[in-house]
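Participant: Below, the features straight out of TrEMBL:
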type: DNA_BIND; residues: 86-129; note: DNA-binding region
type: COMPBIAS; residues: 345-354; note: compositional bias 'Acidic residues'
type: DOMAIN; residues: 84-128; note: domain 'Homeobox'
type: REGION; residues: 339-380; note: region 'Disordered'
Amino acid sequence: MFSELREQIWADWIWFPEGHGWDDLKDHDGKVFPKTQDLWATIPIALCFLVIRQIFERTVAIPLASLMKVSDKQRVRASPNPVLESYFCSTSKHPTQSSIESLSKQTGCSVRQVQRWFRRRRNQDRPSKVKKFREASWRFTFYLLAFFAGLAVLVDKPWFYEMKMMWEDFPKMPLLPSQYWYYMIELGFYVSLLFSVASDVKRKDFKEQIIHHLATIALIGFSWLVNYIRAGTLIMLVHDAADYLMESAKMFNYAGWRKTCNFIFTLFAAVFIITRLVILPFWIIHTTWVYPLTLYPPFIGFYFFNGLLFVLQILHIFWAGLILRMVIKFLPGNDIVEDERSDKEETESEDEEDEHRGKSKNGHVLNGHTVLNNNHSKTD
């Protein structure tokens, strides 16, 4: 029963154009082709990346952060309060006005004290600037090395210059050693990002990031299985071209190097738009979606592969919107770029501002407390 189902799922007609199949990917005459079992190598590679990352962050990222004078503000910790802590962990980190008043009665604290406690408690959960710098420096290092390694792998290949050649002799293109390692290392890195997702900095686009990682892993894995290697290497290179610029801009942002951050971010925005919104859809996806139809009738594997590419393209459009918003914000005033996806730390001055507004509006503080305004504009 299981073997029959497996045969039906992996039938030649599903994953290959008519006249081709899995037999075309069997090694022969000294030619090596990608195999399903090769993908298991990505698990130990991912684990190695996790170990290397810890070593890198402690021996390189932390000293670099100190050299660039990246430091964290002293955070005032919320005082122990079992009632407020229980509400914070089990109900909401952002209590409503009525909930704050109720908690004020339960704890014997003033409304202002409850508000301040939740603000400080939220700040405790936010990742430190040094932690963000460590993560950005690790990703910057990988993406930079991966981009130039991918460039070295592809620069002498004819399909790098004439993309239609990625379909020449498909699917009987032999696997090159450089392609094998490029694939395994890239896929291993993205698997390691999934392994570390619980401890990494969570941003507003956390769900989109998870979708992106899963779609990327599925895309790389599937392209390996059916020997879309040439298309896969081009897609990986296009992605790595902009990522290291974004991570370096973050690093200088955390260090407070305003002009350097703004310059790199502007460069990143230009490269991102060119590679993700021009080269990828109009060159690569056109060659994987439109051109193959002139060679083969459509098949399920064709739709599956391009469907994953369209998912990535939708995410690219979403992120391009965020990037353009950031560019528009900092260009006129020459202010530092702030990642639209990052949480902003709330400061104690917000309490004073709220209290001042309450006094000026009402002439005095009602019942010894300012008027509640829990819907502050700062993003948690």
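Indices start at 1 and increase along the chain as displayed.
Every residue, even glycine, has its Cβ placed from backbone N, Cα and C.
Note that TrEMBL annotation is computational and uncurated.
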Participant: Over the DNA-binding region (86-129), what does the predicted model average in pLDDT?
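Facilitator: Mean pLDDT, the DNA-binding region (86-129): 83.
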Participant: What are the helix, strand and coil residue counts for the domain 'Homeobox' (84-128) according to DSSP?
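Facilitator: The composition, in the requested order, is 33 helix, 0 strand, 12 coil.
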